[in-house]
Amino acid sequence: MKSFVTVCCLSFLLGLVAVVESDEDYTEDEEMILSLILQDDTQPEAESRPSAQFYRCTKDAWRMPGQYIVVMRNGTHVNQVERTARRLRAKAAKRGYLIEIQQTYSGAFHGFLVKMSSDVLHMAVKLPHVEYIEEDSSIFAQSIPWNLQRILQNKHETGKYSPPNDGAKVGVYLLDTSVQVTHREIEDRVMVTDFNSVPEEDGVRVHRQASQCDSHGTHIAGVVSGRDSGVARGASVNSVRVLNCQGKGTVSGALAGLEYIQSSLMSQAIRPVILLLPFVGGFSRTLNAACRKMVESGAVLVAAAGNYNDDACLYSPASEPEVITVGAVNFADQPLSTGTTGTNAGRCVDVFAPGDDIISASSDCSTCFTTKSGTSQAAAHVAGIAAVLLNLNPNSSSAELLQQLLHHSVKQTINPESLPLNHRLSTPNMVVALPDPTSTLTGEDLLCRSVWSERSAAKGLATATARCRHGEEMLSCSSFSQNGARAGERVEERDGQKECVAVNGNGGQGVFAVARCCTGHKAQCQMLESPQRGADAECPPDHQLTGCSSSSSSGDASDSERPLHGIRRACPAKRDVTSYASCCHTSSLECRLKEHDSMGLSEQVEVSCEDSWTLTGCQGLSHGSVVRGAFALGNTCVVHTSGGDIGAAAIATCCRHRLSHKPSDH
């Protein structure tokens, strides 16, 4: 066989020489090639020389096997570089290998770049004039992608992504398309489960190339835990395929996927665990219920809000209150909008995250990258940050984790004018960020957020209801109406859960209920109603007053009175009005009032709690103007009025754990 290869190569080269230079003698290089081909393998080369050194990249994922840089010794001339390359080609051809010289170098050093099989290396290192051979490898731009730079609180180390930890203690289940697990970004970080429940692709000419089928899942997995593009680079990802090659699935398939995960967790518990749901469908009571059940079992669920420029409450699983629903923003921290599509918004969105031109792993090849946009990418950022937070506090519940996400987020950065008019007040103006390195936040801190209801009907005494998540305590209840015609709010209990119920007033255009939902209160809390209309709702001794509400049964306007925070802690009520007091019993909690009056003709008055205090209650006190309502915006109490010279006051109830019970403030 060897003689056959030699004869074939010789015939080919002689023919080539005959065509090109039939009228001339062979050149010195051609004589060399022919002599090498005809050389008997049993005879050693005339000159015995030591082999050159061979080097390769220390990062295995960055290596490029099959492509080599041949570096010549100092003083080597250009013609010797070319002769060496020809000599290598001839030696390789003699043994049946083809090589390709892709580049020659004659500036900083003399040498050449060759594409060849690694089987030829032992010949290359024995070539004369060769100093060493280095395997080619990848290099990467070192500027942090904008999305990773954006979620960092510590901006001092420019060009370096350094989260507080890598989320290594956390497992993530990704319900998506299939994933290209051989990609350098996610290799050894993603485990493909044996679950597969997807519908047939639409159309008869669908090409199921792996690069298409893996596209979405590979990119999302890279955002979560990729080596260079990931948020939590130590988190393990388990791929559960519920979307086909077109990125399409079914509610029934997603339900089967959740059931598969629940069964897996029962047989081999992973704690803490995050389920990432980077998809949406139409509103599904069944899918929402299944997600709620997973949260009750201890999992954290993160879902995309949807890319339809619509109300997220119309979609599932985005509409499920126990799921952390994520909207998308662009580089300027404004809602993602691309042509006719854009991020969903509204009260069912919990937080926003980067979702525009996000660079991550591409399924086109094992070292390829690409950019994609959408709320799926935004949800992947939140899943990564959630892994970092759970790595710090593994016992945090889903409700506590959401409060931590909101606490660390960047507030009031979204321009309200960029949100749909009917969702501006209820959409949270928060963009996620990693914890500040100096943060001392734990799962036991008092943290609160506002939960809005949908707007009630416009008829008199129509109601709207807001509820807290499982694991949160409602510490106050307020209401808001665009024209100020509201009959107040009350707190009811149904199936063991408190409800904030707002009442539309006579001539009202609909009313919103706003519940103040908190974790880390460490207290036994109860909502006490005044014994009769016009009487105070008073807290028992040794209880702290965290918020007041009042309602009128007649449908007339129900204005609040100033809470009492002295020896008596109570919520006073006007005539024919019922008041409600939120009272909490614990030795570690202290609360106080902070008040601010409107100035001039302003239609809005605000007052904020100080840094170490948390806003638990917000009320508007009319000085004669119509109070349209009061609600908490972050740690600020906001009161809207009809304006005028008389104005109104904003009254904030601010609480914290006493310093003697807490080592430090934050």
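Yeah, the Cβs are placed from backbone N, Cα and C, and that goes for glycine too.
No curator has checked TrEMBL annotations; they are predicted automatically.
The signal peptide annotation in TrEMBL covers 1-22. As annotated by TrEMBL, domain 'Inhibitor I9' applies to 67-138. The annotation domain 'Peptidase S8/S53' is assigned in TrEMBL to 169-411. Among the features that TrEMBL reports, active site, charge relay system is placed at D176, H216, S376. Among the features that TrEMBL reports, domain 'Proprotein convertase subtilisin/kexin type 9 C-terminal' is placed at 441-521, 531-583, 585-658.
For D176 (active site, charge relay system), applying a Cβ distance below 8 Å and a minimum sequence separation of six or more within one chain yields H216, G217, I220, A221, S239, V240, R241, V242, L243, L276, P278, F279. Among the active-site residues H216, S376, the residue whose Cβ has the fewest other Cβ atoms within 10 Å is H216. Summarised by DSSP class, the composition of the domain 'Proprotein convertase subtilisin/kexin type 9 C-terminal' (585-658) is 0 helix, 47 strand, 27 coil. As a whole-number mean, the pLDDT of the domain 'Proprotein convertase subtilisin/kexin type 9 C-terminal' (441-521) in this prediction is 92.
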